[in-house]
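Notes follow once the structure below has been shown.
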Amino acid sequence: MGDLVYNIVPVDDLSAAREHPVVQFPEVRGAVLALRNTESLRRPPYGEWRRGMDILDWLGCWFGFQSSNVKNQREHLVLLLANAQMRFSPEATEELDGRVVRKIRRKMTKNYESWCTFVGKQKQLRLPSGKHVGDERQQRKELLYTSLYLLIWGEAANLRFMPECLCFIFHNMAQELNNLLEGDSARDFKPETCTPDPNGFLKRVVSPLFEVVKAEASLNSSGDAPHSSWRNYDDINEYFWSDRCFTHLKWPMDQGSNFLVKPEKGRHVPKHKVGKTGFVEQRSFFNIFRSFDRLWIGYILVLQACIVTLWSGQQRAPWVELQNRDSLARLLTIFITWSALRLFLALLDLVMQYSLISWETWKTGLRMILKVLVASIWVGIFSIFYRTMWDKRHQDHAWSAAANKLFYRYLYTMGIFVLPEGLALALFIIPFVRNILEKSSFKLFHAMTWWFQTRSYVGRGLREGLVDNFKYTLFWILVLASKFLFSYFLQLKPLIRPTKEILEMTDINYKWPQIFSKGNRAAVLALWAPVILIYFMDTQIWYTIWSALVGALVGLMDHLGEIRNVHQLKLRFQMFPRAVQFNLIPESWSDGTKQRFRNSWWTSVKNLFQRIRLRYGVPSQETKEESMEARRFSHIWNEILKTFREEDLISNRELELLEIPIPVWNISVFQWPSTLLANEVYAALDLVKDKHVEDKVVWKKISKSEYRRCAIVESYESIKHILVYRILRQNSADHILVKTLFEDHIDNAISARRFTVAFSLAKLPEVHKCLLTLVKKILAKKSDEVVEALQALWHCIVNEFARSEERSLIKQNFVEKHINTSTVFKDSVVLPNKEDKAFYKQIKRLQTTLETKDTLLSVPKGLEARRRISFFANSLFMTMPRAPQVEKMCAFSVLTPYYAEEVVYSLKDLNTTNEDGITTLFYLQKVFPDDWKHFKERFRKEDGSEESDKQFIDRMSGLDDAAEGGTQKKNDAKKKDNTKSGLEDEDGLELCLWASYRGQTLARTVRGMMYYERALECQAFLDAAKEKDLDEALGFKELIERASSSVSEGSSRRQEEVNLGDSRRGQGLDDETRKKQVLATAAMKFTYVVAAQVYGTQKKNGANQAKGIAYLLKAYKGLRIAYVDEVETTSGKQYFSVLVKYDRDAKLEMEIFRIQLPGPLKQGEGKPENQNHALIFTRGDAVQTIDMNQEMYFEEALKMRNLLEEFDKHHGVRKPTILGVREHVFTGSVSSLAWFMSAQETSFVTLGQRVLANPLKIRMHYGHPDVFNRLWFMSRGGISKASRTINISEDIFAGFNCTQRGGTVTHHEYIQAGKGRDVGLNQIAMFEAKVASGNGEQVLSRDVYRLGHRLDFFRMLSFYYTTVGFFINNLIVVLTVFAFLWGRVYLAVSGVEASLTSSKILSNTALLASLNQQLIVQLGIMTALPMIVENALEHGFTKALWEFFTMQLQLASVFFTFSMGTRAHYFGRTLLHGGAAYRATGRGFVVKHERFAVIYRLYSRSHFVKAIELIALLIIYRVYGASRSSNTYLFISLTSWFMSLTWIVGPFIFNPSGFDWLKTLEDFEDFISWLKYKGGFIVGSEQSWERWWMDEQKHLENTGVWGKVADIILNLRFFFFQYGIVYQLNIAATSQSIFVYLVSWSYIFVAGLIHVIIASASGRYATKRHGLYRAIQAGLISIVVLVIVLLKVFTAFSLRDLLTSLLAFVPTGWGILQIIAVLRTRWLEKSVLWPVVINVARLYEFGMGLIVLAPVAVLSWLPGFQAMQTRVLFNEGFSRGLQISQLLVTVQKAKKSE
C-alpha cells in the first residue's frame, strides 16, 4: 500500500500494484521475479539492503549507479524481457525462458564480443557456450551482465556516442562483477566505483572521460577551429580500437594517462597527449579525390585511353584501332598515369594524415612512407620500360623481335602491377570469402591486408550476397556503358580534329602580348575545359535516367499505383475486406495457424497464393455480415473515417456515405458504404423493367454486380423491417396486414421463384417512387403524412404491382383473416422517438440508396482524404509481413527532438496581420477551404443556424459574449484575446488546434504519433474481442475507455491487492478486467518520448511553448517529456536528464526519473545530443525517429506491427537494422514553391530511396521517419552522431555508421508518414544551404572516406552519386558555365577566335553535346525525370505530364536553377573554407513580403555576384566575339543568360508582392538606410551593412593557409578583365606591348586617389566648411574632364573607351577588395587604409544593389506583372478561387464594414 510513481509498469513495488493491468501479465511478473533472484549474492558494503531488492539494486549498490538510473533500467529490462517472452512463448507463463534471456543479452553484448575479438582480449562473459542456456544460476548471470550493460549505458551520458569506450568500461566492470561472483576468494574485493559516497560510477568513470570530451569540444571554437586541432567523439572512441586503452589508460583509469590530458584553449598542448586517432579531417578539395580515388582514377584512365585511341587513329572504331600495335602501345601509357596517380594519392595520405603518426602509431607512419616509395618505384619502372620500348621501336623502324620482347616485358610488368586488382576482382565475385577474411582474427590475414588498408574496427565484412551483387553490378554496367559510349562518340571524338587544327595553326593574330610561346595550347584548354568538366559530371545524368527506369520497374513489381484514386478503390472495394483481413488481422483469427508454423515455408507459399488471389480478384467465399472478419473490417474502416472527421478532412454527410453501418436490423448481406450503392437501385430498375423472364434470369443479371445485389437485398429487408417492426403498432390489424403481405405473398413468391409471375416488374418504378415518398415522410417525422404515404404504397402494391392472380389471392387472404382494408394505417402508425438516432440514421441510409441516381465518385471531396484512402487501400495489396497479435508484436518507441519551435499557435499568432492585412487564420481558411467548412460544421451552433466566418471565429475565440455586452466590452475582449495563449479556454483552444494541425507544429506531430497508441488499442481490442463486443453499437474507443482509467494514466494512486485467478491471459476474467488488459497490452508495446531539451527553462520563464507542452501532456496519456534540468548548488551548476508525465488522478505533472549528468549536455551538435539524452527513456526493440515537421496517420499506424516484423526477415544476407519508411510531403498546397519542393522531395523519398534499397543496397538514413533496431544501435553509438560541425548533417551519419558496422537499411512503401517542408524561397534556400554545407563537411569525414574505400567498386559508385557526389556534380555544372564563358571570352579578346572562324569550332558537336548536358541539369530536368516517372507510376502518365507542364508554366525551371546555385555555392565554400552551421529555416506560412535588404544579404554572394560576373562575360563576348551571330552564340546566350537572370530575378519572382511598385520603392529606401548605417559591435547584420560585410568574410578568418591561397588564385580571374579589354580600347592603337597593360593600372591608382581625396575632404570639410568641400569636388571634376579632353585630342581615345573601361577596371577593383578580405589582419583593420577599403566596398555593394534592383523596378512598373507573379507564386495554394488581389479587397471591405 502506498503512493506509486512510475512510468509504464509499477515494477518497484508489485505488492502495492497487483491490481495494475500490466502487472497482471504473467510475463511481467515472471521478469520481475527473475530479477529478484539475489540469493547467495554477496551483500554490498554500503547502503541498506532491503527485502524485495533485485539484481539491479545489487549492481547499483556495488558499482555506484544512481538510484534513478537503476529504477529506469529496471522498468526497461522488465519490459524487454516480458515482451520478448510474449513473442517467444505461445502460452502465458510466469517462468522466464532462458532462451529469451540469452537472446536479449546477446543483442546487448554482441558488439562487445566483436570488440574483444578485434583488440585480442578474452571476453569477460563467463557463460556456457553453444545453445545450452544453463541452470538458474547461469540465467541469473545472463541477467547480471545484461543489467550491468544497461546501467552503464543509462548513465554514460555523452559517452553513449562512443560505443567502444562503453565496451572498455563494460569489459572491466564485468571483470569486477566476475570477481564478486567468485565466492570466498573475493570476500575483500570491491569494485573501483564502490564508495561510501553516492554516484561512484558517475564520479569515477563517466566524469573523467566526459571532462576530456568537454575540454576537446571547447577547442572547436563554435566550429571555427580546424578539425585537426581537436579530438571529436570519433577520435576519442577510436582510441579504444587498440590495446592502448589497456596498456596506457588501464583500469582503474590512470589519471596521469596521456589519454586523459585535458587541453586548455590558448595553452601549449603537451607532446605526450593523445592526438587525433584513426583519421584526420583536413579541409581540402583533394578529399574528393582521396575518398573516391578508385572512381576518379577510373575516369582519368578511361579519358586518357579514349583520347589516345582517337588521337592516334583515323576516326575508326576503338576495337579496330587497337588492333594496330602502335595504337595499343600508346594506350599502355595509362599505366604510367595510374602509377603516378597512386603516387599522388600516397603523398596526399602522408601530407593530410601525418598528425596520426606518433611513437605509439609508428606502423601507420611506416605504411605511409613505404606506399610513397613503392608508388615512386612503379612510376619509374613504367616510365623507363615504356621509353626503352619505343626507343627500340623507332630504332628498328618496326615492331621487331627485340621491340616485341620489350613490349611483352612491359605487359608482364603491367600484369604484376594489376595483380592485387585481379585478386580484388576474384573476391568481388565471391563476396562471402572477402567478408570472412576481413572479419577474421588471424594475424596472417591482418598482415596480408595491412598494405592495402589500415586495420579498422568498422568497415569490415561489408560485401553483399551474390544475388544483390549481381543486381547492382548489372545496374552500373548499364550506366557506365551509356556514359562512356556517349562520351567517346559525342564528347571526345568530335574534338580531336579541331584540336589538331588549332595546334597546327601558325598564323593566329593575337591582340595582346603573348606571354607563352605555345599560345595555341591555351586555346585548346579553353575548348576542352567545359567538355572535360561535363565528362566528369554526366554520369549523374545517366544514373538519374537509369534509376528512374529501374525505380519504376521495382515500383511496378511492388504493385505501387494499382489503386490511384477513389474511383479505382470503389472498383476493388469488394476485395478490400479480405485485404484488411489478410494483412491487418493476425493469422490466428482467420485460419488458426499455430505459432510454430508461422514462419515455415508452407505458410510463405500459402500467403503468396492468398496475395495473388487478392491482387487479381480471384473469387472466394463471400463476406457475410455474420462473419467476425467482416465485423472487424467494419470497425477498422469506421475508425479510420472517424479520424478523418476529427481532422476535418470529410464532412458529416461524407462520413455517413462512407461508413459501414453497425448491423442492427439483421440484414442478410454485408452493408457496403452508401457511396458504393449509389445508383445501383436505379440500375437494377433499368435492367428488369419491361422484362418477362424467369426469376433466375432476373436475379442473375442483378447479381453480376455485388454492390447491386447487396443494394437490392438491403433495401428490401430494410423496408420490411421498418414496416413490420418499427412504425406500426405491434399486433394491430395493420401490422398483421403488412406482415401477411410480406410473409405470405412477397417472401413466398421469392422463395418459390415465382416473383416475376406474381408481380409486374414494369410497375417497380411506381413502387420505388412510393417507397421514396414514405422514407422522406418518416425522416420528416410527421405521422399524418406517413399514413398517407403508407396508404399510397399499399394501393400501389396491391392494385398495380401485384398481377391479377396474386391480387386475388391477397384480397382473399385478407377476407379470410377478417382484415378491413378500407381504413388501413390510420390509427396504427407510431414513429420512433426523435432521440432514436440509430433508427433515423438507417432511414437516411435507405433514402440515399433508393434516391441517388449518380455514382458518388466525388466522395470524399477533399484531396487529402482521397489521397490517404487510396494509398491505404493500395498498400493492402502490396507485399508486407502478416500482422501478429498485439501481444506478439515488437515493442517500439517514437522519439521526437524538440527545442523551441511552435507547439500550438496562439490566437495572437493567428490574428496578427502582415503588412498587406493578411492574418495567418485568414490565409489558412483560403488554403484549406474544405477543412474550414468541415471545422465549422463540427462546431456549429446547437440550433444549426448559419453564421459567417467572422461570427464563427468570434464565437470560437470567446468574443461573442463580449459583443452582447457592448462595444467597450468587445474592445476589452480583443485586448485580452491578443495576450492570451489560446490554451486557457476550450473554444479558443479548438480554433488554435485547427490552425496548428495545418502548420508544422509540435501539436501536429504529437497528434500523429499518438495515433500509434490509438491504433494499438483498437487492434488489441479486436484481438481479444468476442462476438458480443463487435455486435455492440458503440465503437471500440467507447468500449475501452470505460476501462482506461488505470492504464498508463495516473501514476500516483492507491492500489489494492486482488486475486487474479487464472494466470492465462484473458481467461477467467470479467469483461472489464479483460478490457483493462487490452489497454495494458498497448501500453507495453508503445512509448512516445519528446526530447524537449529546454522545457525546464521554458517552464521557469512561463513561455507559451511550455504551456503548449503541458496541454499535450494532459491530452495524451501515453506522452512523455524528457528535458535537461539545470540546478544551482553550492558546488556549482548540476545537470539532470528528467522524464515527466501528467497524472490524471492527481491532476499535475509528475517527475518519473531524474538522472544526473556529468556536465552540460551540449558538447557537439544540439539535435543529436538532445536525442541521446532522451534515448534512455525509450522502450522496446525498435525506435522510430520523428522530427518536428512530421506526422502519422491513423490508417498507417495500423500497419506498424506489420512493418516491425521486417526486423525478423532477411533482406539479402542480413536482417535489416534500419527500416526506411516512405514519406508524403503535406506542404505542397501552400504555394508553387512548396509544390516544387514537395515534388522534388517526394521523388527522392519514393523512387530515389526505392532504388537505393533495391537493387543498389546503399540506402542510408536521410532523416525521418525511419525505424531503428533499438537494441542494435544502443550498443553501437546511438541513432546519430554529434561531433561539432563535421556531423552537422547528423542523420545521415547514422546510416554511415550502420553500413560500416555491417547493418542493412531497407525501404518499405506500404506505410507512409507525413512530412512538412519549407514553403518560402528564403526558407528553402537556408535549408539547401544547410544540406549543402553538411555535405561539404561529409566530404572531410572519416565515414565517407572509409565507405569510399571499404565498399566494393559498384556500391561505392552508388554511395558517391547519391550522397556527396550529387553536390560535387552540381558544383561542376556551375563551374562548367564559368569555364565555358571564360574560355570563350579568352578566345574573343585574345584574337584567337577571329583566326579560327573558318575551322567551325564554334559549332562543334562535342561543344553542343556538353552544353545540352549542362542545360539538362541547369533547368532541373535531371530532377524532374524521377518526378515524372514516379508520378506516372502512382497517378498515371497523363497526369504526370500535365503536372510537369504546369510546373514549367509556374517557372519551376527558375526555381531549380536558383537552387542549383545555392547548393553549389555553399558546398564549395564549406569544402574550401568551412563555416557550416545549423540554419534554423523556420516552418511558418509565407504570406510576408521580404525586404530587398533581406534578400540581398541572403543571396548577394551565392547568386548576385556570380550572376553579375556571368553577365559581364556575356557582354564582353557579345562585343568582341568574332561569331556573335552564329547559332552557337545564340545557344550560349540563351542558357547563360537564363542562368544569370534567374539568379538575379529569382528571389523576387518567388517573393510575395515582389513586383509591387510601391513596395519596390520602399525596399530601395530601406536598402539605402541599411547600407549607410555603420552601427557598432552590438548592432546586428540586419541593421548595418558594415556589420554584415564583416560577418560575410568571417569564414576567411578561420580558413587555413591553403584555403586562402586557393581563394586568392580564384580572385585573380577578375584581373583578366583588365588585361583582355585594355588592348581592345581605341586608345591602345592596336599596340600589343605589355606597357599598355602596365600603364592601365594608373587608372586604378588615380581612381583610388580621387576616392581618398573625396573621402578625406568629406570627413574634414563637408559639415563645417561645406564651400571648400564643394570646391574640392569641382576641382577634381574639372581635372578629370581636362584629362579626358586631352586624351581625346592627342590620342585615339573615344567615348566608347570610357564606357568599355568600366568592364575592365570595375572587376579589377572587386578582385582587389576580395584579396584584401582574404589577407585581412588586425594590423590592416587599424591602419588608415581600412576606412578606404570599407567605403569602396560599400560603393561596390551599392552598385550591385542597383544592378539587381533595376530589372525588378522595370518589371514592377509594367502593368499586370504583379498579378501574374502572384498567380505564379500562389497558383497551387490558392487554386480554389483565391488570389492575393481578392485577399486584399476582402480585408479592406472587412475593415470598412467594421
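Glycine residues also receive a Cβ, built from the backbone N, Cα and C atoms like all the rest.
Note that the coordinates shown come from a computational prediction; the quantities given were computed from them, not determined experimentally.
Range 1601-1622 is the one annotated as transmembrane segment, of 149-170, 1601-1622 (source: TrEMBL).
DSSP assignment over the domain '1,3-beta-glucan synthase component FKS1-like' (140-254) gives 80 helix, 0 strand, 35 coil. Nonlocal intrachain contacts for the transmembrane segment (368-389), taken as residues 6+ away from its ends with a CB within less than 8 angstroms of a stretch CB, comprise 329, 332-333, 335-336, 339-340, 342-343, 345-347, 349-350, 353-354, 357, 403, 406-407, 409-410, 413, 417, 451.
Touching of the transmembrane segment (295-313) and the transmembrane segment (1667-1687) is ruled out by the presence of fewer than three CB pairs under 8 A, sequence neighbours closer than 6 excluded. Over the domain '1,3-beta-glucan synthase component FKS1-like' (140-254) the predicted model carries a mean pLDDT of 90. Within the chain carrying the transmembrane segment (1601-1622), a Cβ under 8 angstroms from the stretch's Cβ atoms is held by residues 283-285, 512, 1382, 1385-1386, 1389-1390, 1472-1474, 1512, 1516, 1628, 1636-1637, 1640, 1700-1701, 1703-1708, 1710-1711, 1714-1715, 1718-1719, all 6 or more beyond its ends. Sequence-distant contacts of the transmembrane segment (472-490) (same chain, at least 6 residues past either end, Cβ-Cβ under 8 Å): 302-303, 306, 310, 318, 464, 535, 538-539, 542-543, 545-546, 550, 1255-1258, 1354-1355, 1357-1358, 1405-1406, 1409. Counting same-chain residues at least six beyond the ends of the transmembrane segment (334-356), those with a Cβ under 8 angstroms from any Cβ of the stretch are 228, 275-280, 282, 284, 286-287, 289-290, 293, 296-297, 300-301, 304-305, 308, 364-365, 368-369, 371-372, 374-376, 378-379, 381-383, 386, 414, 417. For the transmembrane segment (1699-1719), the residues of the chain that approach it from at least six positions outside its boundaries are 1509, 1512, 1515-1516, 1519, 1593, 1596, 1604, 1607-1608, 1611-1615, 1617-1618, 1620-1622, 1624-1625, 1640, 1643-1644, 1647, 1733, 1736-1737, 1740, 1743, judged by C-beta separation under 8 angstroms.
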